[in-house]
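Undergrad: Have a look at the structure that comes next, please.
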Ligand SMILES: Cc1cc2nc3c(=O)[nH]c(=O)nc-3n(C[C@H](O)[C@H](O)[C@H](O)COP(=O)(O)O)c2cc1C
């Protein structure tokens with residue numbers, strides 16, 4: 001079979017553009033309306049998309065005066081979306097930072113049961129100072145330390161998902177046997193950050209474990225992703241950068257003893273789609289015109305680790321701290337710094353470029369041009385698929401599903417129907433047996 005794209009819809013409130021909520025094509029009241037999100041899931045499923053995804057953070061942060069908030073906790077919201085869909089995958093962000101692996105493993109196992117095997121976990125380490133302040137931590141937690149905790153966290157969570165073997169549930173009413181206790185295991189983990197006995201109190205779910213997704217792009221982030229992630233979200237602005245990242249992460253996965261194909265790389269794209277290229281550009285400009293500079297400067301200050309809130313809009317960026325001093329999102333810091341210097345942008349021009357997707361590339365054009373661009377990245381070896389980030393919702397997703405998907409399908413680049421029932425299946429990944437399951441071959445050896 002020819003290689004096909006994987007498409008994830010990265011959903012954010014009423015759209016990714018920071019001014020989306022002010023535009024006439026959106027209704028800000030949708031932010032608290034579960035039906036809005038259920039309709040988005042159904043729309044993604046109509047387009048045969050692999051999955052939908054929500055980002056998350058554990059603080060209000062600097063944006064609340066001039067921008068919208070993600071109101072709902074992602075696993076709760078995706079559970080509501082699971083009840084009105086049958087196929088589309090449901091990926092929730094959850095942190096390894098401030099919670100215990102036992103609690104997280106139980107929530108995802110529950111979502112996987114409820115959705116019939118469609119749960120995915122975007123593993124984040126929570127880089128924000130505002131988040132730290134809600135959990136008794138001062139300042140930004142150290143970058144290396146966050147990834148060390150994340151590594152132990154994922155080891156514990158996956159052991160808990162494995163603690164029930166696939167056939168541990170006996171369900172024999174006649175003998176009164178609910179579970180085969182030989183197949184339900186303690187994990188007895190005792191590490192630097194966590195001490196967990198197990199087993200999990202939720203039996204093994206349809207997929208065994210959720211799809212593991214990650215988005216770190218620093219050196220430690222790429223190693224972490226190469227070791228664990230089955231899908232990787234990344235912000236790459238050019239085909240050349242995309243190809244370099246793709247080759248780098250796949251090579252790292254092979255070094256960790258995995259096959260390069262087990263790791264799907266999905267760069268983000270914010271598509272403005274119009275009947276003509278000019279109309280699409282004009283639409284993008286309408287959103288840019290609604291940007292609040294006060295909000296954008298706060299967001300930029302956070303990305304770059306310097307206070308820009310009083311900086312002149314028509315001046316270039318001031319000198320920035322060296323990357324070694326950045327404890328937050330290192331890869332986004334580098335991306336924004338490179339963008340400003342390579343195109344000699346003033347701060348005003350920079351915030352306009354970042355408005356659509358906070359550093360993810362925006363693309364304005366016809367549906368045909370969007371499809372051409374995705375095909376180019378795919379065929380050049382810069383992507384296995386894409387993280388589609390509609391600038392406004394629901395219209396931006398509707399346009400993608402109704403106009404771009406059929407073109408990709410006609411070109412044989414995307415499925416015309418689901419061929420699997422689980423999220424792992426959509427991403428072409430095999431079911432993983434529990435680590436505690438002894439195979440027949442091992443028994444006879
Ligand atoms: C598409 C995408 C989505 C992300 N979603 C979240 C999120 O929901 N919450 C979060 O704390 N970080 C999120 N991140 C940030 C990453 O998890 C990671 O912290 C960031 O890429 C920096 O990693 P690095 O320091 O290894 O470069 C996201 C990143 C990308 C590219």
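Yeah, the Cβs are placed from backbone N, Cα and C, and that goes for glycine too.
Pulled the feature table from TrEMBL, pasting it below:
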- 26-379: domain 'Luciferase-like' (DOMAIN)
- 56, 93, 143, 147, 217, 218: FMN binding site (BINDING)
Undergrad: Where does residue 93 (FMN binding site) sit in DSSP terms: helix, strand, or coil?
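TA: Strand, per DSSP.
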Undergrad: Within its own chain, what residues at least 6 apart in sequence put their Cβ under 8 Å from the Cβ of residue 218 (FMN binding site), listed in sequence order?
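TA: Listed in sequence order: 143, 330, 331.
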Undergrad: Which residues, sitting 6 or more apart from residue 147 (FMN binding site) on the same chain, put a CB under 8 Å from its CB?
TA: 125, 216, 220, 221, 224
Undergrad: For a quick check of understanding: given the listed FMN-binding residues 56, 93, 143, 147, 217, 218, what is the maximum Cα-Cα distance in angstrom, as an integer?
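TA: Those residues reach a largest Cα separation of 20 Å.
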Undergrad: Work out the three-state DSSP category of residue 143 (FMN binding site).
TA: helix
Undergrad: Restricting to the domain 'Luciferase-like' (26-379), report the mean pLDDT as a whole number.
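TA: That region's mean pLDDT is 94.
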